[in-house]
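Enquirer: Before I ask anything, here is the structure I am working with.
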Amino acid sequence: MTVKAIGFVGTGAITEAMVRGLLAEPAYASEIHVSPRSAHIAATLVDEFAAVRIAKDNQDVVDHSDMVFLAIRPQVAEEVVQALSFRDGQMVVSLVAATERQALSEWIGADVHLVQAIPLPFVADRQGVTAIYPPDTAVAALFDMLGTAVQCQSRKEYDLLAAASAMMSTYFGIMEQVAVWLERCGLEKAKGQAYIAPLFASLAQKANSPGNEPFSALSREFATKGGLNEQVFSDFEKKGGLAALTAALDGVLARIEGRN
Ligand SMILES: NC(=O)c1ccc[n+]([C@@H]2O[C@H](COP(=O)([O-])OP(=O)(O)OC[C@H]3O[C@@H](n4cnc5c(N)ncnc54)[C@H](OP(=O)(O)O)[C@@H]3O)[C@@H](O)[C@H]2O)c1
């Protein structure tokens, strides 16, 4: 256990996932302080874990924590963070999406050690990959315990991984589109879903297996010359599928970088 007291300002979905991961056995923190908003999540965590304490307010979280996570939505971040007093040298990890580091520093005011991170819900099962910026040994150790930490050397790298992390809904959206198509063609929806979920799970497992074959090699390996897989991928590309995906990523990167 390397961090004694951890705090969360904002007790929403990502805080719940992180607390579950941090306090799975063996626990990574001896105390976790959460803010009282989203009372139902805070109450569930307190019921389940003896190490969780519901703070009086956000300042109480900051005051009791060695490492403070900012886990509020971007829309309220300025108002919430500016109202807080941090200690010089305190470790602050911002999970707030699409928010400039410079702006965060100004709202925080004190000379804290500021790191940004993009945890994904899979941290709850200690299987989340988390981009962090700038590199930091203590924060990387924490996220390595919750899965895998990827330490970004530059703001650009971090923004690019943030853009890639926005693929989650599309991944499931593609699965849903196949299930809907199967249903339209006469297959019971539940049967389609029961087939597609393990198919995609096996493919993801293959991509993530030791040895890390390039995706391009996997795509070729799974496309027999003149076969069905090759036909679908080729049609998808010709009809603009890959161009649409690239444009969507360009768009989300522009938003992350504050260009639109
Ligand atoms: N979910 C993810 O997978 C994920 C991944 C990476 C980063 N993030 C980022 O993490 C942040 C939180 O995301 P989330 O998905 O956890 O959002 P969420 O479920 O909406 O949680 C946000 C929390 O902030 C609370 N809150 C609102 N105003 C507050 C205030 N003045 N003081 C204290 N707490 C306040 C909300 O309480 P009420 O419910 O009472 O309003 C809620 O508990 C966002 O910036 C998001 O971009 C999320």
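Keep in mind that glycine also has a Cβ here, set from the backbone N, Cα and C atoms.
Remember, TrEMBL labels are computer predictions, not curated facts.
Grabbed the feature section from TrEMBL, which reads as follows:
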BINDING   N58  NADPH binding site
BINDING   A71, I72, R73, P74  NADP(+) binding site
DOMAIN    6-97  domain 'Pyrroline-5-carboxylate reductase catalytic N-terminal'
Enquirer: With DSSP helix as H/G/I and strand as E/B, how many residues of the domain 'Pyrroline-5-carboxylate reductase catalytic N-terminal' (6-97) fall in helix, strand and coil?
Expert: 37 helix, 21 strand, 34 coil
Enquirer: For the residue listed as 'NADPH binding site' and I72 (NADP(+) binding site), what Cα-Cα distance in Å is obtained after rounding to a whole number?
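Expert: Cα-Cα distance, the residue listed as 'NADPH binding site' to I72 (NADP(+) binding site): 11 Å.
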Enquirer: List the residues of the same chain that sit at least 6 positions away from I72 (NADP(+) binding site) in sequence and have their Cβ under 8 Å from its Cβ, in sequence order, or write 'none'.
Expert: V9, G10, G12, V80, V81, V96
Enquirer: Where does the mean pLDDT land for the domain 'Pyrroline-5-carboxylate reductase catalytic N-terminal' (6-97)?
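Expert: Across the residues of the domain 'Pyrroline-5-carboxylate reductase catalytic N-terminal' (6-97) the model's pLDDT averages 96 on the 0 to 100 scale.
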Enquirer: Counting across all protein chains shown, how many other Cβ atoms sit within 10 Å of the Cβ of P74 (NADP(+) binding site)?
Expert: 10
Enquirer: Quick check: with A71, I72, R73, P74 left out, which same-chain residues have Cβ atoms within 8 Å of the centroid of the NADP(+) site Cβ atoms?
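Expert: Residues close to the NADP(+) site, other than A71, I72, R73, P74: G10, G12, L70, Q75, V76, A77, V80, L95, V96, A97.
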Enquirer: Are there any residues at least 6 positions away along the chain from R73 (NADP(+) binding site) with a Cβ closer than 8 Å to its Cβ? List them or say none.
Expert: G10, G12, V96
Enquirer: Using Cβ atoms only, which residues of the same chain lie under 8 Å from A71 (NADP(+) binding site) while being at least 6 residues apart in sequence?
Expert: F8, V9, G10, T11, G12, I14, T15, M18, L95, V96
Enquirer: For N58 (NADPH binding site), just count the other CB atoms lying within 10 A of its CB, please.
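Expert: Result for N58 (NADPH binding site): 22 neighbouring Cβ atoms inside 10 Å.
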